[in-house]
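Enquirer: Before I ask anything, here is the structure I am working with.
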């Protein structure tokens, strides 16, 4: 590599490192807003956040940045794998931002801000017609943006790519169809035997400080590094990486539902383990985070569901569970805990859904989004379409739109193409899991003895350490030897349902 | 005002508002570092803070800013009082920064960063000679900076002005001397009768969560707005204003010393009340904070000491105190609480000193700093000078430098001129207090009934609302009708000591 190129790379990287510093500030501001920043200060905070976000946007789309990207692109063959990935990731953001006329972007941002508060009201009133005109405008904007960004095969691909690089309708359509059919079949078979009741013994009220200690214990158990993170309380749990050594988890405590915080902690803990184990060599670059939304979700879902709801994990932490809530659950045996953790029952609300039916909620959203951008349906059709699909896949009637099409904030926030990554996470996770189980046949025995070091090491090596250097498709193939397939998740779900519900 | 001037002002104010946004981010980053940010993330956080601080510095000293300041200065006569104050405050920062050659500033910043960690080690080893060469270099820098900034009468004035606009050796010298002599006299007279013992009944261990609730209760009592702030735990308590509606208090809980958190909360609460009651018209400008370090300290000292340690306040919160720690202090009568809160005894450590002897600790530091910048002493003399003054003023022997000249971080951080503002706070507070008591003769009766609304309103009107619009000297004269004098504080201390110790 010649000196000019080296000095160019250095300037490029130093600019990115600085952008990262502003991002650390905005992430902290957001974390703070969601973990107890005083209410009256929110408005001024939003203003400050606006200034810092504009600064980050300006740096990412500056003339300087354009020049770096051009020059590096023409020397791409000489770059290392990491620098090529860096170039790819930064160029994507740059081009995506540059292609939208600033005044259209501004108008969109204002529309979306307004639209989210309209959504809150519409949901409260269970009145879709309030939100309808806003959704129509948002979708018109999205269709316009798709034109700016360009279409390869399917207009919806362009949106999918915002969240999952390389994902297309052509790839995901058959996979989701296969998953949907197998899941509907399983749900029906369980339903025919009658959906079980959730054990009432787990509905007892557990003091919040005990739940907090239990969550901390769980995070310690799975190897979360508290010297490089912290646990806080929030309304809608999330994980936030402020810097490589400051990866925070949040959770929510529900007085009469200890499993809620337990699994929300394990879920966000899974995201956090990912971020804590990205290679330290990527510090200071945008590569120092998870590969994609889908791969990230594979980690949260794995630790929450595949590990966290396994008999062996519950066996390992059963003593902690009893100790955390002295006497409260003395009559709750391990098997009851296992049944409760794996309780299956179709329900209307996605975020309350169990591991099996969850994907059906995603299929409903995916199919509607695809149709919207194929322009085979319009916003006015949404409530009817929604309710039909809920009937077909979950066997339920939707009493009103608050419990139906209005339940999620995503669409009013303009996040089309996002939902599929949730099920993608489950698919990736199951595929990782099968490989892991093959390579380390006694992995569950390790868990039942409370040893989670080898599973963490396996994920660190195969997934975490790479950060964003590999594309999701490269990552899954490199880690499992196969491209993404629905087979693994379906096999996993069938086995589990057969074990628990004898179907 | 002509259109050009109006548009200039608008641009100037918009630039300041943006700087304020970056400051909100850096303040949050610092608050977070001191309230539980994970240890391993500190180094990368410091780097991010460095980037944001450099950005703020660049904006404050930009060519644009220079142009705004020049043009506004030439139109100063046409400006409103607020805009003139704004110009004064921003010009001061601008000129102060511009006068130091950047490479000297950089060298100084690096020296000070290193020096603070050397101080930690020196204090641990009680070995002044470790710190000595660093202090010598810092003082050489400070003397050099004083030359750049310019000297009016006394070189130390230039440093005093960094923390207290308008303060000079000529003004403060006689006031401090008078205060020192009166205090030494009071301490000796109490000592002759024998310093009392601190009541052991207040040394019982009180659970932290009970202490936390009690602190929250106290803040509510004095009128702190929790919708525009929050209370957190830290090692060295501080108040932090992120924005006008987000003014945070921190405190420290000591298991067997409930008065520690109680008074640290009231102290920081006093700072917070100030910031919460600055006029909302000053939002978005650097005027939207306290007038000076000294005036700020007058508020913390007033609420902590003059109100917080008064018999009437303790009477009002005595029920809360008993309720906060069920049964624990059942045998502690109001009078015992009052005696404990006003316990006087000379001690070696400033931050543990009582209300009376505290000022003597400041006098020691003030006199040494003044001598250093008059160049009538050198760094090598400090331990000896220190110990002599401790003997003369406090009647104590200093067993080692960790308990003497090495106890505070300030000097190793380059903060010369800062210490005097602590006693200045007490002086201002007593002067405000006497005026308040004259204007509202039944103010203590109100307190004993738990009504603190009128005292808060009085301070809001006279002090808080003005922000930085008035200079400290204008503020004290406008609020009390008199320039700063030692008489008020001496009278207050004499009365109190006479009441408690019959001296």
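The backbone N, Cα and C atoms fix where each Cβ goes, and this holds for glycine too.
Remember, TrEMBL labels are computer predictions, not curated facts.
On a predicted model such as this, the values are computed, not experimentally measured, just so you know.
In case it's useful when we look at the structure, here is the feature table from TrEMBL:
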type: BINDING; residues: A:267, A:271, A:297; note: Zn(2+) binding site
type: ACT_SITE; residues: A:268; note: active site, proton donor/acceptor
Enquirer: Within 10 angstroms of the C-beta of residue A:268 (active site, proton donor/acceptor), what count of other C-beta atoms is obtained when all protein chains are considered?
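Expert: Taking every protein chain into account, the count is 27.
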Enquirer: Which number gives the other C-beta atoms within 10 angstroms of the C-beta of residue A:271 (Zn(2+) binding site), all protein chains shown included?
Expert: 24
Enquirer: Measuring Cα to Cα, how many angstrom lie between the residue listed as 'active site, proton donor/acceptor' and residue A:297 (Zn(2+) binding site)?
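Expert: Computed Cα spacing between the residue listed as 'active site, proton donor/acceptor' and residue A:297 (Zn(2+) binding site) is 9 Å.
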Enquirer: Report the same-chain neighbours of residue A:297 (Zn(2+) binding site): residues 6+ apart in sequence with Cβ closer than 8 Å to its Cβ, ordered by sequence.
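Expert: A:421, A:422, A:424, A:425, A:426, A:428, A:429 - these are the non-local Cβ neighbours of residue A:297 (Zn(2+) binding site), listed in sequence order.
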Enquirer: State the count of C-beta atoms found within 10 angstroms of the C-beta of residue A:267 (Zn(2+) binding site), not counting that atom itself.
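Expert: Excluding its own Cβ, residue A:267 (Zn(2+) binding site) sees 24 Cβ atoms within 10 Å.
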Enquirer: For the Zn(2+) site given as A:267, A:271, A:297, which other residues of the same chain have their Cβ within 8 Å of the site's Cβ centre?
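Expert: Here the non-site neighbours turn out to be A:239, A:268, A:270, A:296, A:299, A:300, A:301, A:303, A:304, A:425.
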